[in-house]
Amino acid sequence: MERHLILEDGTVFSGQGFGAPATTFGEIIFDTAMSGYQETITNPIYDGQMIVFAMPVVGADGIHAEAYESTTPKIRGVIVHDLAEVSTNRQRRMNLDRFLQHHNIPGLYEVDTRKLIRHLRETGPQKATIVDVVDDHAVDQLVATVLTNKQVQNTATPKAYANPGRGFHIIVIDFGLKHGILRVLGDYDANVTVLPFTTTVDEVLTLDPDGIILSTGPGNPKDLPDEVSTLVRVLQTKVPLLGLGLGHELLALANGAGVKALPAEYHGMNHPIQEIISQSIFYARQGRGYVIDEESLDSKKLFVTHRDLVDGSIQGIRLRNYPAFSVQFFPDGAPGPLEANGIFADFFETVADYVQKNS
Amino acid sequence: MANKVVLDSDSMQRALTRITYEILERNKGGQNLILVGIKTRGEYLAHRIADRLEQLEQVQIPVMAIDVTNYRDDHLDSHDDLGLDSAEKLNIANQNIVLVDDVLFTGRTTRAALDALIQIGRPQAIALAVLVDRGHRELPIRADFVGKNIPTAQNEKIKVKVKEFDGEDSVEIEH
Amino acid sequence: MYKKIVEKPIENILFIGGGETDFGLQGESDAAIYQVLPILNSLGYTTSVIDDNPYSLAIESPATTGFLRPLTVENVKAVLAEQNIDAVLPTFGGTRALRLWDQVLAEWRPENGPVPTSLGLKPSQLHQVNDGRLLFDRIIDAGLNVTASAVVKNQEEASELLREMELPLVVRAHQPIQTTTRQIIDRLDDFDQVVSQVMGQSLTHEVSIAKAINGLKEISVLVLRDRDGNCLKVGSSEDMDPIGIHSADSLSVAPVLTVSDQVLQQMRAQSFLIANLLGLQGVLHVQFAFNEKTGDIYVIKVSPYLDQLTNRMAVMTGYPVMLVAAQLAVGKLLTEVVLPNAFHAKTAIMEPVMDHIVVKLPVFSFGDMEATGTQVSRQLNSVQKSVGSALGFGRTFVEAMEKAIRSAHFNNRSFAPKYMADVSDDELIQQLIHPQDNRVLLLIEALRRGYEVDELAELTNIDEFYFYQLKRLLAIELSVDQQPGDAEALKMAKKSGLSDGLLARFWRTDFQSIRQLARANDIIPTYKALEPSAGEFPEHARQFFATFEEENESNPVCDRSVVIIGPGAFRMGDGASAGYMTSVTLSELHRLKYKTIIMNNNAADPTLLPHLSDKQYLEPLETSDVMSVIDRENPHAVLVPGNRKKLIAALEDLGQNVIVFPKEKHHPAGPEFSQSEFVLNLFYDGKDKFPLIIFQHQPGQIRLLDQEINPNFLAGLDLQSPGLYQVIWRVDINQWVSQVDLPNLSIDTWLRPMPYGHIAYLTKVLKMPLGRMVVRAWIGQLNAADRQLLAEVNTNPNFERLALMASATDYALHWKPDHWVDTTRFEMGARIAPYADEEG
């Protein structure tokens with residue numbers, strides 16, 4: 001059935017509906033990666049957003065149990081050029097169409113996605129809605145809709161839980177954790193405790209962690225309560241700390257740096273990232289709407305450790321006086337290259353060092 | 001004789017990177033810092049750390065090399081050669097020295113290097129950075145910066161290779 | 001102090017060319033070398049190129065010193081000395097060049113002077129690459145799988161396993177006492193002995209035996225690496241057919257569609273690992289097998305040099321792979337690579353992403369040989385059968401596949417629904433299991449006859465995704481068939497890549513009326529830019545392909561543009577030289593300040609190189625595709641190869657200014673063994689005829705005659721348009737001569753346009769730009785100096801004694817013909833060979 005995508009600036013794109021026949025509102029962005037649609041769709045960082053895939057054929061690999069980045073996708077719409085039909089028998093129990101139906105998420109295919117992306121790269125992300133009929137009512141609804149800024153509250157765990165292992169005790173503070181991080185911690189046999197972001201310093205330290213991870217998550221870091229900054233500021237002086245994605249932005253904020261919205265978000269895995277200290281380059285999945293504001297960075301407190309060589313943006317920082325560091329990109333891949341996995345190896349070496357020196 | 005690679009080129013690079021960050025954590029901004037590499041491979045490692053410091057802080061940290069092969073207390077040779085290339089002698093008085101070596105084992109090499117350094121001046125402080133700490137110390141010496149702790153048996157051999165000298169970067173254990 | 005090893009910077013680089021065309025070797029090496037010469041010049045290097053391929057474009061490049069010489073150790077050494085070469089780049093010439101360079105190094109003597117630097121691969125690595133076993137041992141040592149293998153504990157288990165496996169087998173000690181214990185068994189007789197021997201080398205007394213991996217998915221990954229070990233993935237593609245069918249003979253698609261991100265990332269990581277293991281600087285192609293059921297990945301082939309995928313990826317992604325690879329080879333880092341202004345400033349360091357689908361379809365030329373009464377084996381297996389390939393670009397798989405089919409076949413006759421109806425059900429099953437060259441047609445036919453997707457996927461080991469796609473195509477055909485003249489059906493058909501010609505066939509009308517119906521309903525192509533950022537950045541793209549969507553990105557170049565219709569896929573005959581001639585034409589028109597627009601779909605020849613034309617349309621070359629581009633561009637003229645009669649007529653009907661590029665359909669003709677064919681070559685500028693030179697053609701070889709031609713001989717010859725021509729006659733002579741009596745022009749001779757290959761050959765041996773002159777003549781720009789040069793050849797010939805030899809293509813291996821094949825008549829390629837003049 002023909003359905004439509006209306007953008008806040010009045011532009012309309014038409015296509016065929018798939019997934020759920022729902023009408024939704026969200027912030028529309030585009031993704032240039034050629035693989036990993038399932039991981040992307042289920043990544044909690046996309047809470048409240050609609051994604052246009054530049055990859056023209058989406059769905060050919062079905063939906064797999066091992067490719068979930070969260071159990072419940074929080075995305076508001078999926079726009080593709082061509083939806084691949086695959087059967088749902090044997091090893092593929094689920095396909096993209098049924099998956100989106102199940103989670104009440106609308107999809108749109110047969111859209112001129114290249115035109116849409118070329119449009120969005122000029123306008124930046126904007127509000128959008130997927131509807132059956134384009135009329136004044138639909139447009140009014142879109143204009144009137146205020147998108148939530150409570151995405152972290154919406155996706156992060158409200159309760160602590162454990163993912164036990166026999167290695168170092170790693171506490172993950174959850175801002176909208178993607179499973180990839182837990183998968184990697186599992187590879188290190190870490191003894192993981194996931195805590196809600198509302199946890200207090202005492203609660204964390206009572207658990208006697210060997211290291212702390214500030215997780216990835218959706219939205220604007222400045223929308224989080226001030227207590228988060230305080231928490232980070234204390235924890236960074238106590239044990240080795242690694243910030244990822246939103247966690248990276250939070251580490252920056254806690255240390256006096258500013259964070260600003262990008263004119264056009266970047267979601268993909270093809271930008272080179274340079275590790276400044278070694279000058280080597282690698283590629284990693286990025287999904288960012290915000291970056292650290294270069295001007296605001298206090299170089300007496302922080303180093304810049306990584307940069308995106310395409311737009312020059314800061315991709316990694318490190319505290320001068322404490323073993324705390326963070327990266328904007330996703331070193332766990334899922335989807336995406338595995339080259340940046342070494343960030344976790346560094347973290348665990350740092351943790352081992354810390355444990356040895358303090359035992 | 002089977003060799004087992006315990007650090008590949010990538011992990012070795014990362015270990016040096018981490019040591020560099022830790023040195024900076026300890027020596028604010030790298031002021032009054034001198035790196036002293038223990039020949040042969042420690043010298044190359046010291047230069048790599050200096051390169052990293054330069055990339056990060058745009059500062060040039062002096063590097064010198066020290067040869068202690070004839071200076072260890074378990075050698076019979078006399079102690080008249082300090083092991084330092086005279087052209088490379090720097091004023092180390094009141095400087096923060098980081099000694100750099102590839103492997104920390106019994107501690108005798110480190111001790112020889114300390115002896116040599118103290119004979120040429122009085123530094124503010126001396127710290128020790130090693131790529132690999134393999135245990136079995138015979139002297140009360142401890143590294144301040146360790147790339148990787150590799151527990152070994154007494155009879156095993158650790159072989160560090162550096163690209164500049166050996167053509168590749170790796171750390172292997174010979175059984 | 002810290003001593004960085006400072007080597008003397010290199011200045012003079014020698015490229016070793018790829019040599020003659022053969023199965024799996026089209027013009028890719030030559031195209032790549034040709035492309036990178038100017039950029040190396042601009043970086044301050046002096047270059048030389050040695051090749052024995054008379055159709056080489058690179059050795060004619062003004063940016064280099066070219067040597068047309070046989071590819072031998074002596075000749076390479078001679079050029080090294082003559083040109084004062086200090087570095088050799090063999091990786092651009094593929095495996096032949098690598099072997100030759102390895103051999104030169106092995107035979108290097110102190111008196112030859114200092115050994116030139118090997119660029120791209122160090123000599124020790126080069127040796128490993130040439131000895132595949134050494135390379136694979138290192139890959140296994142690094143922990144990667146090379147083939148599925150089973151571990152057995154005793155002879156009985158081993159013999160049991162032998163029943164399921166085909167020779168040759170790889171036998172290795174499990175947990176070896178020493179590191180190298182790998183043995184290949186080629187003969188059954190050796191089996192027991194080798195197994196027991198290898199068992200003795202195992203700590204656990206176990207042996208691992210490699211299994212055949214037929215039936216698995218095949219994926220290709222292309223990566224780049226710089227001297228510091230920074231790696232970049234250019235792209236990957238998957239084969240529709242499983243392992244067991246040669247990759248070149250399978251339909252393949254990029255980007256990879258049916259494999260998960262996790263698996264692709266592992267393949268990427270393994271490719272980087274291998275690149276670092278080799279320490280290469282430049283390009284690496286790794287072929288993987290993937291077992292979907294177990295998740296196992298196997299490395300099946302490692303090619304750390306330029307091959308067809310390199311050029312194809314460059315065209316498919318818009319990422320200038322060769323320009324980057326050459327700079328990495330001379331020591332630049334990825335972050336230091338310099339690209340021409342036409343590229344986005346960050347193109348070199350961004351991994352290309354595609355927002356389009358490209359399907360590669362193999363082209364088989366069995367029919368050409370069968371038409372002469374020679375039977376060949378059409379069955380596809382692990383030995384390559386295809387001679388070339390064509391690409392189809394689209395935004396869906398179906399659209400890309402339809403366009404690939406139309407590109408590979410020029411016409412759609414064989415794809416009309418009734419064509420396969422004659423195949424019996426038994427034959428159908430047979431061919432599903434033992435595929436032939438009509439693979440895609442057969443799969444569609446099976447679906448048409450009601451086979452289930454599950455069933456077919458199991459029979460063929462082809463991913464279900466493809467059958468669902470083929471079903472879509474079938475449904476579209478059906479709805480088109482049932483709704484003649486319906487605009488919606490037309491729109492759907494056009495979106496799926498169908499041509500006006502095929503629709504006309506369905507609706508039993510002519511293609512003009514289809515075209516009119518489409519225009520009346522505003523169904524016109526929207527051209528999408530092909531660029532490596534998938535729309536992320538504004539680009540100055542010059543590559544386009546047609547779709548039927550909302551936004552068109554291609555604006556007309558200008559009023560002084562010329563559209564050139566490319567030769568399409570490589571085929572037998574003058575395939576090897578068609579790319580050469582088209583490229584020379586593009587280059588000359590550009591020099592004469594025309595804006596050039598090329599339409600083509602073959603990535604292996606140089607015609608699609610970005611710097612050769614102002615704009616490239618990656619399209620099929622059927623009439624409807626060409627007309628759509630002409631509607632868009634409104635060119636000053638259209639240049640069409642002479643064998644495209646229907647297209648020429650259609651364009652002339654539309655009032656286009658058509659320039660015909662003389663070319664004949666391939667005829668397997670030539671002198672018999674007891675005969676010589678004499679060929680008088682001449683240039684006609686539209687007014688005067690210039691006799692150039694006579695050559696003698698005996699089976700397999702052509703030599704030049706040092707004989708002045710009486711210009712009056714040609715007086716009676718009637719020529720229509722400017723160009724290069726040949727007057728031919730046969731004489732019963734089976735030895736080489738230095739003079740021949742001219743025949744009676746009107747009785748004993750016939751006339752033909754000079755084949756492209758002869759233009760390329762004569763250009764080189766006569767040292768005059770015949771191809772360029774003919775282009776000048778077409779557009780009335782032949783100058784006085786040209787005419788003087790043309791007039792002088794006949795009276796004062798000065799040519800190199802280099803014979804043109806047809807390649808000794810091994811048809812017996814590839815096609816299994818039922819009798820001996822004369823490769824002069826079925827030319828895959830050619831080389832040159834020096835000869836001495838006959839005495840007396």
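Just so you know, glycine gets a Cβ as well, placed from its N, Cα and C.
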TrEMBL L-glutamine site partner of A:G217, A:G219, A:G289, A:Y290, selected from A:L246, A:L250, A:L251, A:L319: A:L246
Greatest C-beta neighbour count within 10 angstroms, which of the recorded positions A:G217, A:G219, A:L246, A:G289, A:D332: A:L246
Pairwise Cα distance for A:D332 (active site)/A:L246 (L-glutamine binding site) [Å, integer]: 14
Which same-chain residues, if any, lie at least 6 apart from A:Y290 (L-glutamine binding site) yet have Cβ under 8 Å of it: A:N220, A:P221, A:E249, A:V259, A:K260, A:A261, A:L262
Structural state census, the domain 'Carbamoyl-phosphate synthase small subunit N-terminal' (A:1-131) (DSSP three-state): 30 helix, 46 strand, 55 coil
PLDDT averaged over the residues of the region 'CPSase' (A:1-168): 94
Conformational class of A:D332 (active site) under the three-state DSSP mapping: coil
Residues close to L-glutamine site centre defined by A:G217, A:G219, A:L246, A:G289, A:Y290, Cβ within 8 Å: A:I45, A:Q151, A:P218, A:N220, A:P221, A:G245, A:E249, A:R288
Site diameter for L-glutamine, Å, by largest Cα distance between A:G217, A:G219, A:L246, A:G289, A:Y290: 12
Three-class DSSP secondary structure - A:G217 (L-glutamine binding site): coil
